[in-house]
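> What Swiss-Prot records for this protein is below:
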BINDING   GLU152, HIS217, GLU232  Mn(2+) binding site
Amino acid sequence: MRNYYIFSNGRIRRKENTIYIENEQGDRKAIPIEDVDTIHIFGEVDLNTKLLNFICQQGKTVHFYNYYGFYSGSLMPRERNVSGHIVVKQVEHFLDPERRFYLAYSFVEGAIFHMVRNLREYKNTDEFQEKIKKELSNAVETTKISELMGCEGRARDFYYEAFNTFLKSDFSMGKREKRPPRNPINALISFANSMIYTTVLNEIYHTQLNPTVSYLHEPSERRYSLSLDIAEIFKPLLADAIIFKLINNNMIKLDDFEEDVNYCYLNESGRKKFIREFDQKLSTTIKHRKLKRNVSYRTIIRIECYKLIKHFIGDEVYAPFKAWW
């Protein structure tokens, strides 16, 4: 099974066990449903309830993105891996300040580890590495989630500041701006983070975890905040590594972006370039030192979810994934 990304405007229809994607020019592409894992829709596409019911019955997920390429929402089938016991345990760990803090700190620890790991690949970043590691030391001394997030935020600011030492000059970082991103590197980071978020959400869906109960990010309405927690670990490892490759190997250029008044975003060409590398990265396998077999990066994210379940039920204390190679 694979992910499908729809960029063109048009319509999607179902006929028997096949999905047909038709663009505005009338060109059609047939996709057998058994070949689909997830559908990502970036274009303006017409759908009907017959198709949506079919997709849900087959246990497939659809993610929607707005005009600028940023995540809008998801069609998630009815959960098939429901466990009231796991949900209760998740909530217990949220309500207990000590247990919640442990998990929140773990996500920050995993994120900072991979930030420093990325910077080790580049010259003239030692000072930034030390500042980032200092924030992790500061985080150990905190007692509140808000203080912990402050340490993580400062560490990430130092991390982004370091980008200017090794990224090509066309992609000067400036400061991190999300809403909206105002330059190409900020637009690329925001798009990449959206893709990490939806990938993590997909993997959570295949487990018994409830994606709305989180520990570092405050649970709230209208978002799957556990996806944000787990994504912290993988944004530097996956998204940022791809960004560095695209920019420094001249695989993505300024004409892959559109700039509006106080706004910058990836155009279709730029999105396709990132997604091509992203899909390839998710499929790349490494020899897992504990499982003693090759697993893909996508599977590593799924394993992270299972590690949390083991932690909740008391089988094994959770430790964040840290790339060892």
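Placement of Cβ uses the backbone N, Cα and C atoms for every residue, glycine included.
Keep in mind that this is a model prediction, so the values were computed, not measured.
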> When a 10 Å sphere is centred on the Cβ of GLU152 (Mn(2+) binding site), how many other Cβ atoms does it contain?
23
> For the recorded Mn(2+) site, enumerate neighbouring residues of the same chain (Cβ within 8 Å of the Cβ centroid of GLU152, HIS217, GLU232, site residues themselves excluded), in sequence order.
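Going along the sequence, the neighbours come out as ALA104, PHE107, VAL108, ALA111, MET149, LEU216, LEU228, ASP229.
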> Below 8 Å Cβ to Cβ and six or more residues apart, same chain only. Which residues does that give for HIS217 (Mn(2+) binding site)?
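Residues satisfying the criterion: SER225, LEU228, ASP229.
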> So if I measure Cβ to Cβ from GLU232 (Mn(2+) binding site) and keep only same-chain residues at least 6 apart in sequence, which ones fall under 8 Å?
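Spatial neighbours, sequence-distant, of GLU232 (Mn(2+) binding site): PHE107, VAL108, GLY110, ALA111, GLU152, LEU216.
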